[in-house]
């Protein structure tokens, strides 16, 4: 909670012009703060009681928050990747402004809220999961419901992941080409050092944002496989170690604690 609040404050009170990427970083930190400050305390109530102590209303709300944090983080990271792509790879004539960041944040939240509200509209339902110690969307065992589950898996996870990985691949290829051009064409040592130093800032920012993606994937991979693949496609009959599942849930919150540390280590402006 402290780390993400510091990220929000440092970025919002940044001296000088704030870039569109700064607003997307704030948005991502807000989602992390919601996860740590609201979703986690609600979960701990059920963990301590080892039952649905929240009641149906708060349990359904917690399931809704779970979707907001997961899908919101995935699409927020995808938006950051797309903005890095336009900043690094496209023509200098294409300039991103604050309004573009506002549009991107609006799209992220629109997609997130629409998907997370589907269970309230009858397309699935939030049900209490003993392993999760909270409510999760349940699609049942019918073919139609499983197709709906697959569609949500694609929209919730695969689409933003493909956008993110494709964008950063293009960014790193472009930065590598720029670095090779500097080494090949600049013969003056002092000029080369100045150019190399000035080129480190976008590289450091890109690496920091890429580490956010890597952190998200590593922390969410176990939970995602269990929740979206193994449990639904076993018709909820498979027996999974409670310790393994609790570890997978714990890693979701570890992700939020690591993100501020990435900014601190990688970006001098944050320090």
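Yeah, the Cβs are placed from backbone N, Cα and C, and that goes for glycine too.
TrEMBL does not curate its annotations; it predicts them automatically.
Taken from TrEMBL as is:
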type     : residues : note
DOMAIN   : 3-263    : domain 'G-protein coupled receptors family 1 profile'
TRANSMEM : 64-89    : transmembrane segment
TRANSMEM : 101-126  : transmembrane segment
TRANSMEM : 146-169  : transmembrane segment
TRANSMEM : 203-233  : transmembrane segment
TRANSMEM : 245-266  : transmembrane segment
>> Restricting to CB pairs under 8 Å, which listed stretch, 64-89, 101-126, 146-169, 245-266, is in contact most with the transmembrane segment (203-233)?
In response: 245-266
> For the domain 'G-protein coupled receptors family 1 profile' (3-263), what's the model's average pLDDT?
Replying inline: 84
